[in-house]
Amino acid sequence: MTVKPSLSPELPTDLDKNRLPQHVAVIMDGNGRWAKSRGLPRIMGHQRGVDALKDLLRCCGEWGIPALTAYAFSTENWGRPLEEVEFLMTLFERVLQRELEEMMQENVKIRFIGNLAALPESLRREIAKSQAETSKNSGIQFTVAANYGGREEIVQACQAIARQVQQGLVSPEAIDESLFAQYLYTAGIPNPDLLIRSSGEMRISNFLLWQMAYAEIYVTDTLWPDFDRVQFHRALKDYQGRHRRFGKL
Ligand code: FPP
């Protein structure tokens, strides 16, 4: 008989609470395939994907992982059919409206990263509202990457620093890794320790390129809507079995 891992709010006993990743990032891939395999429209996969993300956020809070970042929409995703892009934008807006109260109750602090200026205005309003209302919360840091591209993030940081240099506010010699990181969208958020990608693709897909330098990467064949605590437990177990060397011996 196989024993099903614990699904309770408690951290499974075979995980070491002192060696949990302090920041988990997720590439939520496979929503479309999940829907297709059930004869459903792709958008149903995204809807179920939100449920999986919501449970993961709650799980991180319960198990003591202080930061979660989710890749919701990349700068490349605009190339999808207009209908799907519009659905996703409306979905983000609706989820923010629907979940704000619960995020407040659960002390979640939400932040969006990416080129937000290009998002629909009504979505930008909901983003601003949810960020402002949760800004004083001290629980889990939940970061959502929307219209996010890692290369674009680095380029905009370079532009911002170049402007500072041009104005004489920063000297070129003062530019080091820590100064550079302050100009990224993720300023103030620690780098991810663990990247989880669902649906089997072995790619980073332009996600957190700078921040991911020493992240452990875990890829599962599970499609995102099926990613649950059992899967998360497996990812954490795998993570704790690794020897992180950060380039040293
Ligand atoms: C990738 O699956 C998934 C997306 C592009 C969208 C993910 C977004 C959510 C789950 C909503 C999150 C909402 C908030 C507010 C944070 P895919 O469509 O590429 O799947 P496929 O590879 O099977 O086609």
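Numbers here mean position along the shown chain, with the first residue as 1.
For all residues, glycine too, the Cβ spot is worked out from N, Cα and C.
According to TrEMBL, the feature active site maps to Asp29. The annotation Mg(2+) binding site is assigned in TrEMBL to Asp29, Glu216. What TrEMBL lists as substrate binding site is 30-34, Arg42, His46, 74-76, Trp78, Arg80, Arg197, 203-205. According to TrEMBL, the feature active site, proton acceptor maps to Asn77.
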Inter-residue Cα distance where the pair is the residue listed as 'active site' and Arg197 (substrate binding site), in Å: 7
Contacting binding-site residues for ligand 1, chosen from Thr75, Trp78, Arg197 when the Cβ sits under 6 angstroms of any of its atoms: none
Winner by Cβ contact number (other Cβ atoms within 10 Å) across the binding-site residues Trp34, Trp78: Trp34
Rounded Cα separation (Å) that holds between Ile204 (substrate binding site) and Glu216 (Mg(2+) binding site): 12
Distance, the residue listed as 'active site' to Thr75 (substrate binding site) (CA atoms, angstrom): 15
Site with most surrounding Cβ atoms, counting all protein chains shown within 10 Å, from the recorded positions Asp29, Glu216: Asp29
Fewest other Cβ within 10 angstroms of its own Cβ, chosen from the recorded positions Thr75, Asn77: Asn77
Mapped DSSP class for Trp78 (substrate binding site), helix or strand or coil: helix
Residues near Gly30 (substrate binding site) in space but at least six apart in sequence (CB under 8 A): Gly45, Ser198, Ser199, Gly200, Thr222, Leu223, Trp224, Pro225
Nonlocal residues around His46 (substrate binding site), in sequence order (Cβ under 8 Å, 6 or more apart): Asn31, Phe87, Leu88, Leu91
